[in-house]
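Peer 1: So that we are looking at the same thing, I have put the structure below in structure tokens.
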Amino acid sequence: MSNYSVSLVGPAPWGFRLQGGKDFNMPLTISSLKDGGKAAQANVRIGDVVLSIDGINAQGMTHLEAQNKIKGCTGSLNMTLQRASAAPKPEPVPVQKGEPKEVVKPVPITSPAVSKVTSTNNMAYNKAPRPFGSVSSPKVTSIPSPSSAFTPAHATTSSHASPSPVAAVTPPLFAASGLHANANLSADQSPSALSAGKTAVNVPRQPTVTSVCSETSQELAEGQRRGSQGDSKQQNGPPRKHIVERYTEFYHVPTHSDASKKRLIEDTEDWRPRTGTTQSRSFRILAQITGTEHLKESEADNTKKANNSQEPSPQLASSVASTRSMPESLDSPTSGRPGVTSLTAAAAFKPVGSTGVIKSPSWQRPNQGVPSTGRISNSATYSGSVAPANSALGQTQPSDQDTLVQRAEHIPAGKRTPMCAHCNQVIRGPFLVALGKSWHPEEFNCAHCKNTMAYIGFVEEKGALYCELCYEKFFAPECGRCQRKILGEVISALKQTWHVSCFVCVACGKPIRNNVFHLEDGEPYCETDYYALFGTICHGCEFPIEAGDMFLEALGYTWHDTCFVCSVCCESLEGQTFFSKKDKPLCKKHAHSVNF
């Protein structure tokens, strides 16, 4: 617990937040810091206790008084803080590096007699894996090497080996602790005596092969011969060498750490996770001997080629999808009006000999293959020719997201026999469903133009049903920006109606919708951008002075009426005589008693 002083150069923000106070029955402390802020650069930490602010004792201050005191500091902020005691950290557990130490127990000098063996070329003293340093029984289980995987279980009698049984090999006492044996070789255990014959200890049994071809039999016999003779050709990596120190005069712990590490790394090369198509070591050895190691790879390649040949090209798939998505052409009765024609989803009217503007059907929902109608304004002639699909899609028109235009649902015959909402008769055959009612297709007509609305959009207005064109002509309001009819959500502002996408903020371009907005030079601004561009910031709390807020001007700044207070006692100075020191307002009591 140490005290220290901090002097932060103004202006605000200072980069920290307070918590506590007299009203919370807890001392004022630093609750949070802003990354890279002035407080963080001054080595202020979270949890430090604030003792004084600009020379005033902070122990009796409430939270609001301390906040106003800090806000009143404009040029610089001087504070005295008390460092919070650091919580004791648990000591880290040391990580053991390197190999664990071996515990070697004293053993008698005279080692037990080791029976003579004829050869040590193929001896496998490797034991079953166990944690380092563990003590096990002297019995050793021999693990066959990959080269001896196909040796017969019983030693066969050959012309080079004696018919007498081979004695079992007893490992030295040092093998019990997981280390290689280091023993003096006696006269009867000389290297020349150890290389007199061959042995086969604990080799796996292989069943007799009776139904294989002659070539496979020869390859298997060759593998058996290499395994029994200790051939130096290995299937997985370089051959392993036993590390034995000879001609030592005393027993000691062998220093084989580097070699053991290397051999341990070689043994664990195949311990990584395998995928579903990776074979184990035994299967790879068998595949190499039988010559089938590349068979599955070729089969996998053929399968990939077959799959690739079956996948259609992107252009073909897109063309098929577009063909499937095209609706069936339906003939609809038309009246004598020269502006309405039955079109497909991608059709649009193309003006001829005029500079009219094509109006896209804004009521149409995306991904809906339905007929649409177009209307050309300021044009004297109409043409029934159909323009390309991209001619209508390339134009950017304001879209009505919440459109009022609906479409009738076509129901085939045979499912049910509803009642027509127009004639109140039973419908036999296909019918339409709209607004929760059923209609004869020939009786679902516009209330004004009497055209069928079976394949076009309709809008319900004052209890009657109108087609899209009649509703747009007689009922739909006009947008104050694009001068087009609004078929969806209407924004009413500034005594005009707007599309949602047309009534946007001038600064950020986002739709204002029903939110608060401000006008500046006749242009609408959202609340955030307006205060950022044109708003007045209070010098005390650094918040904008909104419309309707009481404010005053003093010392060349603008203040909220509640923010213009004495920097020491936080007494309101509105309408009172005040003094100023370094742009900080002071009351009469503290004008000459406080030095900044």
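The backbone N, Cα and C atoms fix where each Cβ goes, and this holds for glycine too.
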Peer 1: According to Swiss-Prot, which residue out of Ser232, Ser309 bears the annotation phosphoserine?
Peer 2: Ser309
Peer 1: Here are some residues: Ser111, Ser145, Ser190. Which is flagged as phosphoserine in Swiss-Prot?
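Peer 2: In Swiss-Prot, Ser111 carries the phosphoserine label; others show none in the record.
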Peer 1: Among the residues Ser31, Ser260, Ser377, which does Swiss-Prot list with the feature phosphoserine?
Peer 2: Ser260
Peer 1: According to Swiss-Prot, phosphoserine sits on which of Ser164, Ser360?
Peer 2: Ser360
Peer 1: Out of Ser134, Ser280, Ser335, report back the residue that Swiss-Prot marks as phosphoserine.
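Peer 2: Swiss-Prot records phosphoserine at Ser134.
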Peer 1: Can you dig through Swiss-Prot and tell me which residue of Ser162, Ser313 is labelled phosphoserine?
Peer 2: Ser313
Peer 1: So one of Lys89, Lys510 should carry the feature SUMO2 cross-link according to Swiss-Prot; which one?
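Peer 2: Record lookup in Swiss-Prot returns SUMO2 cross-link for Lys89.
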Peer 1: In sequence order, which same-chain residues at least six apart have a C-beta under 8 angstroms from Ser2 (phosphoserine)?
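Peer 2: Ser2 (phosphoserine) has long-range Cβ partners Gln82, Arg83.
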Peer 1: Quick one: DSSP breakdown of the domain 'PDZ' (2-85) into helix, strand and coil?
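Peer 2: Going by DSSP assignments, the domain 'PDZ' (2-85) contains 16 helix, 35 strand, 33 coil.
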